[in-house]
Amino acid sequence: MSFCKWVSLIFVLNLFYQLPILSNSLDLAEIPKNFLSYAKKPEFFEWMVGVRRKIHENPELGYEEFETSKLIRDELEKMGIPYKHPIAITGVVGYIGSGKPPFVAIRADMDALAMQESVEWEHKSKNPGKMHACGHDAHVAMLLGAAKILQDRREDLEGTVVLVFQPAEEGGGGAKKMVDAGALENVDAIFGLHVSTDKPIGTVASRPGPLLAGSGFFEAIISGRGGHAAIPQHSIDPILAASNVIVSLQHLVSREADPLDSQVVTVAKFQGGGAFNVIPDSVTIAGTFRAFSTESFMQLKQRIEEVITGQAAVQRCNATVDFLEDTKPIFPVTVNSEDLHGHFLNVAGDMLGASNVRDMQPLMGSEDFSFYSEVIPGYFSFLGMKKENVKSVPGHSPFFTVNEDALPYGAALHASLAARYLLEYQPQVQSSQGELHDEL
Ligand SMILES: [Zn+2]
Ligand SMILES: [Zn+2]
């Protein structure tokens, strides 16, 4: 046996001696429960709450998360976790464990929304017109919580956990920039979660396959010829043309799409005219479209352009259509890996009890997590934070609040999914590392 083989043998034997503790199914089942009770300890919980409130007070929009990014790096440094920065402007990628494969990633988004907070409380947003109304402040606190749990047990990790803190989820496609910058290099799988105000605390929900829709935006300028509102024959009315365009766009889903293939086309913006008695020169309309397959999505995109230009022409107007892909990238469909679904059911079930791991219908909402799950197996889930007997306010509302009691659940879920992944997906890696395993 050559020297190399002896080294490999020692490596494999090492694994072998560690495995009895870690691969025992009873012990595996204990990991998520232990992580959750650890994250619920008062000192740990209060630290996460503090982090979340600090971020909440200072919300920053996509690609401007400089202070949030700094706070994350400071916390990682305190924990002794190495990281890469900057990635995609404000992004941070941390590494915990052996530095060797397998590599599993857990992800949080950092950005806030351009809206004014209406909740009056001690830690209300200090930045006018900006608010964490989607819970990304909680996502960061949870991922830092997971980092702390995992770093405290780094000796037991059979591989490497990659912490992905990304900018600009809210329409900016920060995930795409992270992928382009190599954040997923060598990574075998990725997990992400989102807080949910309509699912009870202590529950999680997801599904295998398509979970969230692909989404795109469009803006069209319909140009006619302005003039006196009482002498329409001397004008070309873009308001009437735009109205016909909007009605025709509704036919794409109701008449052209398979009723069993869910799609949406919404015109959410209509701007034109400024006087009661003047026909304007042009009208701007804009909206969004959603679908659950790339094929349906591309078909919708093509037909939106054809309908807008064609219908405008019928009304003697010109139209230009812009899909705004530079500033609002098209989000692919978020598709959950079937294989990771089984892993999620096992891990979340061990942590919360099988009855608290719910199946859910796909949602027409979208997530840029889809950029990750497009290139490697990914799994996205929703973390319940609804308090009993309290009416929940959905995300993107100025009255949105986070139930901070959910923070330990998110931290423990992240950490358990990653730690168990490294343990349970280890055998595949061992056998792929060489024939030595067979010799043993
Ligand atoms: Zn959002
Ligand atoms: Zn969100």
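Cβ coordinates are placed from backbone N, Cα and C, and glycine is handled just like the others.
Features of the protein shown, as given by TrEMBL:
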- 1-25: signal peptide (SIGNAL)
- C134, H136, E170, H194, H396: Mn(2+) binding site (BINDING)
- 214-309: domain 'Peptidase M20 dimerisation' (DOMAIN)
Requested in this report: Find the average pLDDT over the domain 'Peptidase M20 dimerisation' (214-309) in the predicted model and report it.
Outcome: 97
**Report entry** Cβ atoms near H396 (Mn(2+) binding site) (within 10 Å, other residues, all chains)
**Finding:** 13
Query raised in the report: Counting Cβ atoms within 10 Å across all protein chains shown, which of the binding-site residues H136, H194 comes out on top?
Result: H136
Query raised in the report: Got a sec? Which of C134, E170, H396, the binding-site residues, have CB under 6 Å of any ligand 2 atom?
Result: C134
Report task. Taking ligand 1 as the reference, state which of the binding-site residues C134, H136, E170 have a Cβ closer than 6 Å to one of its atoms. Result -> C134, E170
**Report entry** Composition by DSSP (helix, strand, coil) of residues within the domain 'Peptidase M20 dimerisation' (214-309)
**Finding:** 38 helix, 36 strand, 22 coil
Report summary line: Same-chain shell around Mn(2+) excluding C134, H136, E170, H194, H396, C-beta within 8 angstroms of the CB centroid, reads D109, D111, L113, H132, A133, G135, E169, G395
Query raised in the report: When neighbour density is defined as the number of other C-beta atoms within 10 angstroms of a residue's C-beta, which of the binding-site residues C134, E170 has the lowest density?
Result: E170
